[in-house]
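Asker: Found this in TrEMBL, in case it helps:
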DOMAIN    297-359  domain 'PEGA'
DOMAIN    398-604  domain 'Sulfatase-modifying factor enzyme-like'
REGION    46-75  region 'Disordered'
SIGNAL    1-23  signal peptide
């Protein structure tokens, strides 16, 4: 007796379960994935053959059913004819009582029997076709599952290739380098030595880069794309083994240089011609991923339209234009200033030798909103960049429901105060923060305020960088920093009022965030916002777009102290919900307390 569909499904189930079980156990190395792919492709080939064979069986049964249906139509016509003949003979008996009906009756009975037999054959054929079609569907399901497994393995292989290259590139090492330099006759020995050291460091970076690439598993492909990325090579330290003139003209330096490669998350994918998403775990990729930075060494030439100006790059004074400076590839803050002229300030990203011409404009008496400038520090360098706001009527509060008249101009920090900026203050004053004195800096864990052992602004519980916003600082510490800036520049610096902060944050908008009422995932570093730093740490202060006034991080990253003596802070943070980053929200913290989600932004008075 033919088995019914439930029995067939039960018989096929073990094969389906086995396929699913295999698919769940995904290998992680490239070689293991290749082995798994070979096995899956073999299984797919066999499954496809089984499916094709079963397809032929189904087609045979379909043909048999079609033939039976055609035969049924013929038999129906024969039955109709036999019935008609029998009825005709019955009618003839009225006039011919002796007429023999035997022949007509037999033909009708035979035709009826044939029709009934055909009905049985059709029923059997339909059942057989249904069963074979069910078997075909199961075999096609196995093929589809294997194809899905292969696609999953293909994606896993791409991620495994990216992970392997990340591991191969994130290396540290030492390069022994010798460089011979012909110095200018006008240089002092110290200047000649410094220039030769800089050039030797550049050579060591190139040597280290070449060595890294030569040891990768896909060297040929990587070399084809190497000009598209940076390996972000850092010089950790260097020691001079030998230096000096050896023929009266040429100066030689022999050095040991320790270097470290820190490529960004997406570098491996660029080198391998892969979509950036394969450099992240599934579901973690975001378009707001930080762009990579180069760290080779190149020449920057700075010129301007004025004489007797002052050039400052990354806080280091280089005299008057024109100047020629050797710098690592990447972002550099270039400032050109002259008394009576608006300062030129630009964050310049360079990847090769570059010439920059700064155009200085004579100062006008009228102050305009959005003007960017930075004050010089007495002990060299420049204060943080500031953005100006002018008196006027502004809308603040929830949904911009409160009208506020600002009767004075002010300038506010373009970014939260960074680790690098705060370090300069600490090194200049030997100041100790409240967290260092009390040995307490707190964080949020499971919605509870929790102390972090041995934490302070240099070590807040996660890794910080020079351009990270400084945290684990109290309101007292922030005020100390502003007093130091005031002493260094001769201008009054302080913390913002709540109204000043909100005016700057809104940048003229009446919505919850400067871009609109709804939070946009990936646009700011808050908790649960879909960035690489969400619920983990602070982000670099320029990782996201500024508002229309050029201010960074007015949404999220860190809460920012105001001058409110109750300890009010504004702006939300990396560990708080996006709703708390709305411009009208507040957080009250004791002025002497320090947390790894609270930093500050400065205000400079403008008379």
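Cβ atoms are placed via backbone N, Cα and C, with glycine included.
I'm curious about the neighbourhood of these features; can you describe it?
Answerer: The average pLDDT for the domain 'PEGA' (297-359) in the predicted structure is 85.
Counting residues of the region 'Disordered' (46-75) by DSSP class, helix then strand then coil, yields 30 helix, 0 strand, 0 coil.
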Asker: How many of the residues that make up the domain 'PEGA' (297-359) does DSSP mark as helix, as strand and as coil?
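Answerer: Taking the domain 'PEGA' (297-359) as a whole: 0 helix, 41 strand, 22 coil.
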